[in-house]
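A quick write-up on the structure given underneath.
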Amino acid sequence: MLGHKTDTVLNIQATADNHAGHDSTQAERTEVNHTNVISNVVSIVKLNHDLNPQSKPKESRLSPVAKILFLDGVRGTAVIFVVTQHTGYMHDIFMGAVGVDAFFVLSSFLLTMIFMKKSIKLFAENASYRKWGYTLADYFSKRFFRVYPLFALLSIALWLMPFEYKQRYYLVKQPEDFNLFQTLTFHPEHRHYLMWTLPLEISYYFILPAFVLAVLKLGRFWWMSFVPLYVWVIHEGLYTTRDNFYRQPLSKHLPTFVAGSMAAVILLKLEAWIKATGFKFRPLHIVALRIVEAVLIAAYLSVVFRGLFFNWLGMPLPPATKYFMPFTSVKLSLLIVIEMIQPSTVSQIFEWVVLRYMGKISFSVYLLHVFVIFTPPIKQMTNYYDKTFAVFGLVILLATTSYYLVEYPSQ
């Protein structure tokens, strides 16, 4: 049984305190926002490598800092899925929906991990209600100001545009359908096109602290609550259809967020237990993990591409009659846990610098890519290669500009 150990939590804040005093400062900033957590620690890894040129690659791969680099690559892959779907490619599968589901899982996973670490520290210090209140206020304000400024600027820009552009880029049907105040305040009837995801994420920010505190209060019996929670998440994933995204409440996507949060708790508890017991992974343990991971990957890809092992095993899925979000959250979140515990080639693939950079600017890519793909000269391109290079090249330039002018200063 995994006990509650306050002194054995995954420490993202620094792995080389003896090398450079500014490492802890960088790591403190990583707790502010999960999108920058990977990119901000790259300098720590490089510094550690410079000061320890003889260190073994395996040892660096198992450090807490190195193990999280791939998460930005996963986010980058997710936003590539979204852009690919909206560009008009691979319309027979639901790549955009899969990408958004991955965003939700990553968001809840990283924020739960960060907030749980803070909460454990406060419990260990017997912090006052005042300090708890400050921590909560700090958590909400930093998350809000990390994502809201770009959303607000986009909304204002759309409001200033002629109706023709509102209709072209954000699919506003009638001039009177766009209300700036109601868009800025997340009114359910004014979540135009890509704007439906941010209100759901911000809504979950208010649930997440309660979830973490409830888990911590359960102490060593935390796992007992996860059994019914996983049953609920899997049931909802299999039997709830998520199709009308723009009008759906948080409840439709709550199982996805909860799956990410539960995976973060499992990871931290496993890390604590491994450190407390001195457990070492032997070859047999690693082989077993890889088998489980292979099964999860096979299931994930089969669901995403609506075939593969379903077809190969003689269990083809029925043809889809409408666009909907496939159930991928449990598989993806457990894969993240396995790769965080025992990194493999899978995480190395997602550590590719291109994918990690796409993950870094993913929020800008997500909100702004429509201004490229729906521009008539781009949309009307018939050559596959011309269009692909034009779309991704221009989207990256636009998103990079947005990131450094809006996102980065507001962090």
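Every residue gets a Cβ built from N, Cα and C, even glycine.
TrEMBL entries are annotated by machine, without manual review.
Here is what TrEMBL records for this protein:
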{"type": "DOMAIN", "residues": "69-375", "note": "domain 'Acyltransferase 3'"}
{"type": "TRANSMEM", "residues": "93-116", "note": "transmembrane segment"}
{"type": "TRANSMEM", "residues": "144-161", "note": "transmembrane segment"}
{"type": "TRANSMEM", "residues": "193-214", "note": "transmembrane segment"}
{"type": "TRANSMEM", "residues": "221-241", "note": "transmembrane segment"}
{"type": "TRANSMEM", "residues": "253-272", "note": "transmembrane segment"}
{"type": "TRANSMEM", "residues": "284-303", "note": "transmembrane segment"}
{"type": "TRANSMEM", "residues": "323-341", "note": "transmembrane segment"}
{"type": "TRANSMEM", "residues": "353-376", "note": "transmembrane segment"}
{"type": "TRANSMEM", "residues": "388-406", "note": "transmembrane segment"}
Can you name the far-off residues of the same chain, 6+ from the ends of the transmembrane segment (284-303), with a Cβ under 8 Å from a Cβ of it? 309-310, 326-328, 331-332, 334-335, 338-339, 341-342, 344, 346
For the domain 'Acyltransferase 3' (69-375), what's the mean pLDDT in this predicted model? 93
Dominant neighbour of the transmembrane segment (93-116) in 144-161, 193-214, 253-272, 323-341, by Cβ pairs under 8 Å: 253-272
In terms of Cβ proximity under 8 Å, which residues at least six beyond the ends of the transmembrane segment (323-341) contact it? 67-68, 70-71, 74, 94, 97-98, 100-102, 104-105, 109, 230, 233-234, 237-238, 241-243, 245, 255-256, 259-260, 262-263, 266-267, 270-271, 274, 289, 292-293, 296-297, 299-300, 303-304, 306, 347
